[in-house]
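According to TrEMBL, the feature domain 'UvrD-like helicase ATP-binding' maps to 246-517. What TrEMBL records for GLY267, GLY268, PRO269, GLY270, THR271, GLY272, LYS273, THR274 is ATP binding site.
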Amino acid sequence: MPTLAIDRDFLREFADLEKPVQDRVEEVFAKFDRATHTGLHLEKVTHARDRRFRTIRIGKSHRGVVLAPESGDIYTLLKVLPHDEAYAWAARRTASVNSATGRIEIRDSEAIDTVRPHLEQMAATRQREEPAELFAEVADADMHRLGIDPQTLEFARVLTDPVQLETARMFLPTTQWQVLYGLATGMAPEQVWDELGAAITSGGDGFDPEDLDAAVRRSPDRVVLVDGPGELMAVFARPFDLWRVYLHPMQRDAAEARHSGPARVTGGPGTGKTVVALHRARALAERGAGPVLVTTFTSTLAESLAAGMKVLADTPEPLEAVTVEHVDKLAHRVFREVHGPPQLLQNQRERELWTAAAEHTGAGFSPAFLAEEWRQVILAKRIDSADAYLAAKRTGRGRRLGAAQKARVWQAVWEFQRELRDGGLWTHESVCAEAARILAERADDDKPYRHVVVDEAQDLGPEKWRLLRAAVPHAPDDVFIAGDTHQRIYANRVSLREVGVDVTGRSRRLRVNYRTTAQILGWSLELLHGESIDDMDGGLETLAGCRSEVSGLPPQLTGFANRAAELRALADTVREWLGADVLPSEIGVAARSNRLAEEAADALVQAGVAARMLRGGQAEEDAVSVGTMHRMKGLEFRCLAVVGADADRIPSAKALTPESEDAVAHANDLQRERCLLFVACTRARELLNVTWQGEPSPFLPKAG
Ligand SMILES: Nc1ncnc2c1ncn2[C@@H]1O[C@H](COP(=O)(O)OP(=O)(O)OP(=O)(O)O)[C@@H](O)[C@H]1O
């Protein structure tokens with residue numbers, strides 16, 4: 001049976017073809033499997049460098065370039081171009097099998113051969129002045145081991161300048177270019193090998209360089225095999241959603257692996273953790289072991305996960321096994337089933353109760369301190385007696401308490417809890433804790449879900465983790481976690497092991513950022529430079545190796561004398577973006593506070609730019625989205641402006657525990673403020689503009 005495969009680059013370009021050409025493409029390939037029986041009209045390309053490149057007629061004016069097998073039956077659609085261009089494109093190129101990864105690669109061989117003599121000449125001239133071979137330090141044997149083939153090696157040997165390598169990206173085979181890029185940035189061959197890790201398929205040196213069929217089958221990140229016209233139409237229907245069909249080998253591995261227990265995926269911003277979580281949910285649903293819960297910490301994020309799940313589902317069936325809802329919703333549902341709706345303690349009343357408890361105890365603890373002690377120690381560790389509290393380790397709390405002080409705190413907490421009990425009052429945390437208790441008592445075969453997939457895991461508190469743990473039986477592939485502790489924007493710090501989720505030996509880190517340019521990512525990573533950030537598992541997390549392969553402009557950083565001037569400049573910038581054909585929905589504006597976000601939105605509207613405050617978290621079609629940095633989580637924009645990055649706004653004094661009250665909490669709060677700015681800045685895909693009035697935030701690195 002012939003199989004049609006679609007190359008990733010083609011799908012991206014498909015969206016730009018004119019509609020009639022798109023229609024012809026769909027028609028031709030929809031009957032592709034039938035047509036191959038009756039003899040496909042695949043034309044040879046005269047003067048082709050690679051005889052396996054053929055073309056197929058697409059309407060009157062265009063031709064598709066197809067990589068046709070000499071043996072095997074996979075036909076890969078690479079390109080659709082006007083007639084002459086299609087032939088010219090095909091004639092220049094060659095296909096090959098990467099000797100390290102066994103995957104298919106395409107290169108513009110003619111360009112390589114044309115450019116090399118020029119570079120050779122430049123190298124010779126330059127060498128007289130200074131020996132500057134870019135890869136002088138890398139042995140041929142290492143190059144070979146990393147999959148660099150003779151043509152690319154010969155080319156690499158004449159490079160003297162990273163800029164030349166950058167240009168060569170257009171015509172070198174992608175993986176080999178990535179290897180050279182890694183080496184050029186100073187990575188040792190061993191590190192580059194590690195990076196290739198997931199792309200290396202078992203088989204080692206034994207790949208048959210002529211067997212393109214096998215190579216295509218090994219390349220799910222680049223080529224998708226289409227199983228019939230229905231699937232073909234589904235792929236063509238969403239040419240922008242490349243993540244639906246092409247996963248990086250590391251992503252695919254994370255989504256499809258089988259584990260004996262909980263597993264997780266980490267990685268810097270934009271590395272596709274959410275994409276993996278969605279694919280994982282679908283894969284689990286398709287395995288059919290039982291219902292899958294996809295969850296996260298806010299309703300807004302849950303909405304966008306639900307939207308992603310819909311995009312991913314080719315047919316409605318797999319979704320039937322998947323429920324998407326945020327953790328609090330699950331908690332309230334479970335609680336209500338047993339107790340009816342909870343009467344919730346209002347914020348104002350909570351403050352009053354803590355104030356009364358603090359006064360009563362008379363030990364000089366602030367109401368805020370007591371409330372945090374209750375949340376972070378007593379609730380988090382499920383402490384239910386004075387003795388247990390006296391013996392408890394107060395991880396993450398900086399102020400040391402002696403036994404007498406602890407007794408006072410316990411008294412205050414006891415009074416607060418008595419008020420709740422007497423008044424029949426609940427908080428979101430206690431609802432969650434009760435729901436966890438209810439589910440924990442249920443037998444394995446009575447659990448509501450078989451699998452749980454958690455996104456933005458870094459922001460869930462311990463009681464939420466216990467609830468999720470109790471929602472599924474202890475079984476293979478029970479819990480799957482996606483998250484990045486560098487993006488923690490709420491006060492929750494959890495040790496996964498303490499809440500019964502042990503991911504030891506089942507954790508993967510993604511490194512390639514698909515969202516942001518290398519310039520924006522590099523600058524944003526500097527925001528966190530030197531910060532030690534936990535990995536929720538007793539160790540430290542790292543963003544080392546997190547990289548973007550897309551190049552762009554560095555972030556624009558500008559200070560103003562006052563807010564009015566800053567917001568006027570914001571309006572100018574946004575108008576400039578709109579003038580450059582960026583859609584309003586592709587533009588975001590982030591501020592630390594809601595008030596400043598509103599001011600920015602007003603300033604835009606007054607300048608004649610349609611702008612709206614983000615509510616549900618979804619960008620609006622016809623307006624620029626303005627919101628707080630917290631609201632930006634889970635979103636992304638082609639162009640993003642961060643306003644009010646002032647010295648006295650970021651960090652926000654209100655969000656910091658006074659150092660005198662608790663030095664550890666103060667340091668954690670400062671780190672969280674940094675992470676918040678990091679989250680906001682990494683929402684930008686192409687352009688990032690950061691402005692302030694007066695002095696800039698001390699967190700801001702200098703523009704590179
Ligand atoms: N394999 C892929 N191919 C194409 N695009 C991808 C791929 N993986 C991810 N993306 C795109 O990269 C962007 C970021 O992906 P995603 O939101 O899953 O990353 P994330 O790691 O969850 O990000 P963050 O932690 O910053 O929220 C999205 O636009 C997504 O569609």
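Each Cβ is built from the backbone N, Cα and C atoms, and glycine gets one as well.
Heads up, TrEMBL stuff is auto-annotated, nobody curated it.
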Listed in sequence order, residues not in GLY267, GLY268, PRO269, GLY270, THR271, GLY272, LYS273, THR274 with Cβ within 8 Å of the centre of the ATP site Cβ atoms: ASP484, LEU510, ASN513, TYR514, ARG515
For the domain 'UvrD-like helicase ATP-binding' (246-517), the mean pLDDT of the predicted model: 91
Secondary structure at GLY272 (ATP binding site), reduced by DSSP to three states: coil
Spatial neighbours of PRO269 (ATP binding site) that are distant in sequence (at least 6 apart) but have CB under 8 A: ASP484, HIS486, GLN487, ASN513, ARG515, THR516, LEU521, SER524, PHE678, VAL679, THR682
Set of same-chain residues at least 6 away whose C-beta sits under 8 angstroms from GLY268 (ATP binding site): ASP484, HIS486, LEU510, ARG511, ASN513, LEU521, LEU525, LEU543, CYS546, THR682
Cβ contacts of GLY267 (ATP binding site) (under 8 Å, same chain, 6 or more positions away): LYS273, ASP484, ARG509, LEU510, ARG511, CYS546
Sparsest Cβ surroundings (other CB atoms within 10 Å) among the binding-site residues THR271, THR274: THR274
Surrounding CB atoms that lie within 10 Å of the CB of GLY272 (ATP binding site), all protein chains: 24
Tertiary neighbours of GLY270 (ATP binding site) (same chain, Cβ under 8 Å, six or more apart): ASN513, TYR514, ARG515, THR516, LEU521, SER548, GLU636, THR682
In three-state DSSP terms, the structure that GLY267 (ATP binding site) belongs to: strand
For LYS273 (ATP binding site), the number of other Cβ atoms found within 10 Å of its own Cβ: 26
